[in-house]
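Listed in Swiss-Prot for this protein:
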- 24-44: transmembrane segment (TRANSMEM)
- 46-66: transmembrane segment (TRANSMEM)
- 96-116: transmembrane segment (TRANSMEM)
- 117-137: transmembrane segment (TRANSMEM)
- 153-173: transmembrane segment (TRANSMEM)
- 174-194: transmembrane segment (TRANSMEM)
- 210-230: transmembrane segment (TRANSMEM)
Amino acid sequence: MRNILPFLTRIPVKGDFEKARNELWAFPLVSLVSSIIPIAILYLRIPLANVLALLSLYFVIGLLHLDGLADWADGIMVKGDRERKIKAMKDLNTGIAGVFAVVVVLFLQVYSLSMLPFYAIYIAELNSKFSMLLGLATKKPLGQGLGAYFMEGMNGRQLAIGVVLYVLLYLPVVIYDPSALFGVMGLVFAWYVIRLSLENFGGINGDCLGAMAEITRAGTLVILSFSLCFTT
């Protein structure tokens, strides 16, 4: 897992670029690292815990995925053919669609966390990291960037190990609180982003993966919030 950490977090560890694509199966494991501080903040219920938990999460994982979400949203929303959409996504200037997407995702996360138990951020992060693994499993790269490089190393074995890890990491939370199982539905957002990416761009790049991570995390928290309303 050490080699994949520099690509998914800001943790100052030295990873081997060549070996990283052989550790894609470890994506779900990264959620243990990225969510530990937010979990502690939410568990202690300190003032503004929902805001501080989210800030601490982005302190660990960085803002690269949020930037990818903004670029992805600009590309999705622009009118025109596939070439024009890809050009808009790669534009260095962030458009109104990108700004709107980032604001909505942040708002949904902050508001949802104020209603949810401490472990919700862990489930959301687990889904977030697993969604990127699912995106890589499509083996449909867009361009020759980091996403394409990782897809070259993606295979059935890595996906199978990743799925097993996802289940094993999710299971303890379900044992603790069976209602946490509703969080699995958050993966529907991953599927939707993958579908939109393939339909609009014809492939998946780093921006698409970032959008998957952010939208899946926010969507999972929203689903858990609604499930809480119906189960209490």
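In case you wondered, yes, glycine gets a Cβ from its N, Cα and C as well.
Same-chain residues lying 6 or more positions outside the transmembrane segment (117-137) and placing a CB less than 8 Å from one of its CB atoms are 8, 24-25, 27-28, 30-31, 34-35, 38-39, 42-43, 53, 57, 109, 147, 150-151, 154, 159, 162, 166, 169-170, 173, 176-177, 180, 183-184, 186-187, 189-191, 193-194, 197, 204, 208-209, 212-214, 216-218, 220-221, 224. Outside the transmembrane segment (46-66) by six or more residues, the chain places 8-11, 33-35, 37-39, 102, 105-106, 109-111, 113-114, 121, 125, 209-211, 213-214 with a CB less than 8 A from a CB of the stretch.
Within the chain, the transmembrane segment (174-194) has long-range Cβ neighbours (under 8 A, six or more residues past its boundaries) at 72, 117, 119-120, 123-124, 127, 130-131, 134-135, 138, 204, 208, 211-212, 215-221, 223-224, 227-228, 231.
Beyond the ends of the transmembrane segment (210-230), by six or more residues, the same chain brings 64-69, 71-73, 101, 104-105, 108-109, 112-113, 115-116, 120-121, 123-125, 127-129, 131-132, 134-135, 179-180, 182-183, 185-190, 192-194, 197 to within a C-beta distance below 8 angstroms of the stretch. Here the transmembrane segment (153-173) has long-range neighbours at 21-22, 24-29, 31-32, 119, 122-123, 126, 130, 133, 136-137, 139, 180, 183-184, meaning same-chain residues at least 6 beyond its ends whose C-beta is under 8 angstroms from one of its own. Long-range Cβ contacts of the transmembrane segment (96-116) within its own chain (Cβ-Cβ under 8 Å, at least 6 residues beyond either end) map to 42, 49-51, 53-54, 66, 69-74, 76-78, 124, 211, 214-215, 217-219, 221-222, 224-225, 228.
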